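Some features that TrEMBL has for this protein:
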BINDING   CYS14, CYS28, CYS31, CYS37  [4Fe-4S] cluster binding site
BINDING   GLY67, LYS68, GLY69, GLY70, VAL71, GLY72, LYS73, SER74  ATP binding site
REGION    1-28  region 'Disordered'
Amino acid sequence: MENGDIPENANEHCPGPQSESAGKSDSCAGCPNQEACATAPKGPDPDLVAIAERMSTVKHKILILSGKGGVGKSTFSAQLSFALAGMDHQVGLMDIDICGPSMPKMLGLEGSEIHQSNLGWSPVYVADNLGVMSIGFMLPNSDEAVVWRGPRKNALIKQFLKDVYWRDIDYLVVDAPPGTSDEHISIVQYLQATGIDGAIIVTTPQEVSLIDVRKEVSFCKKVGVPVLGVVENMSGLSQPLADVKFMEIGSSVDVTQKVISCLRENAPELLNVLACSEVFDSSGGGAERMCREMGVPFLGKVPLDPQLCKAAEQGKSCFEGGNKCSVSAPALKSIIQKVLASMKDEESN
């Protein structure tokens, strides 16, 4: 237990050997280290000093959270990072979803490896001003499962913070796993002394997702992390009518070409309109109503856009070149501008 690190064979909810409850809490029962922790001298974690030194070159830290998995949180994290880098900011993206790292795929970095120097671990760079750190770069192959208990996950998060040489950066975007578990508690604990600008929480419109998002908002309030706002992702399917695939009702016969030809001949102006459909039930008011009830900012809605899904699969920005997503990119840009404006206002107060 050198330097107060949590041992790898500790129980899942280990309070840490430096905690006043070490060896005494209910979660310590049956742990092979219980007696050693109970009798060990207590004191501040020396690694927090090293983390504070590393983070002194990071101007802003933003957590991206979600209560429920599969709501597009990692897609939002990746596109937020692309957008900030596109504004000529220096950006770092840290993936702390230890068991389900998505960032290597979503930033087109599959197969890349982490390198070490005398300054520490070097992030993998998408561009000169966008570096990424993920356990995905450390696995022998992308199919390898990470079967770790909480203490080992926490140790890696700490290592990402104290051993990675991020250089002078404007924004550190932290992509967290769904829920409010060990990883979330650890990242807040490790960064609290250095200042966290806040959290952006991603959800989908239906109540089954919002139930867990309310817990995420409650978590932020309990640990003192400001909620920068909530994003309602996959808020209806929107795509140009010309991109829609048409099928005969009751069969699998593709009649797309027949429909498009008919429209082109009889109503060509309709080929320039968007076809929209509510995929998820939002009759309960969605994220906007939840934000009013819980007193947190509502940042906006991002439609379910097949072009955005394609950009994420290809590890590309949705804002540039041929990958530009005409439906989702403007919504994302508006949300990001709101976040930056609120952070600027908070900074000036």
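Residue numbering: from 1, along the chain as shown.
Each residue, glycine too, has its Cβ placed from N, Cα and C.
Counting only the Cα atoms, the space from CYS14 ([4Fe-4S] cluster binding site) to VAL71 (ATP binding site) is about 29 angstrom. The sparsest Cβ neighbourhood within 10 Å, among the listed binding-site residues (CYS28, VAL71), is found at CYS28. Comparing GLY67 (ATP binding site) with CYS28 ([4Fe-4S] cluster binding site), their Cα atoms are 27 Å apart once rounded. One residue stands out among the binding-site residues LYS68, LYS73 for having the most other Cβ atoms within 10 Å of its Cβ: LYS73. Of the listed binding-site residues, namely GLY67, GLY70, the sparsest CB environment within 10 A is found at GLY70. Rounded to a whole number, the C-alpha distance linking VAL71 (ATP binding site) with CYS28 ([4Fe-4S] cluster binding site) is 34 angstrom. Across the fold, the C-alpha of CYS37 ([4Fe-4S] cluster binding site) and the C-alpha of GLY70 (ATP binding site) stand 38 Å from each other. Taking the centre of the Cβ atoms of GLY67, LYS68, GLY69, GLY70, VAL71, GLY72, LYS73, SER74 as the ATP site, the nearby residues of that chain (Cβ within 8 Å, site residues left out) are SER66, PRO178, VAL202, THR203, THR204, SER209, ASN233. Taking a C-beta cut-off of under 8 Å and a sequence gap of six or more, GLY72 (ATP binding site) has these contacts in its own chain: VAL202, THR204, ASN233, MET234, VAL302.
The two recorded residues, GLY69 (ATP binding site) and CYS28 ([4Fe-4S] cluster binding site), show a Cα separation of 29 Å.
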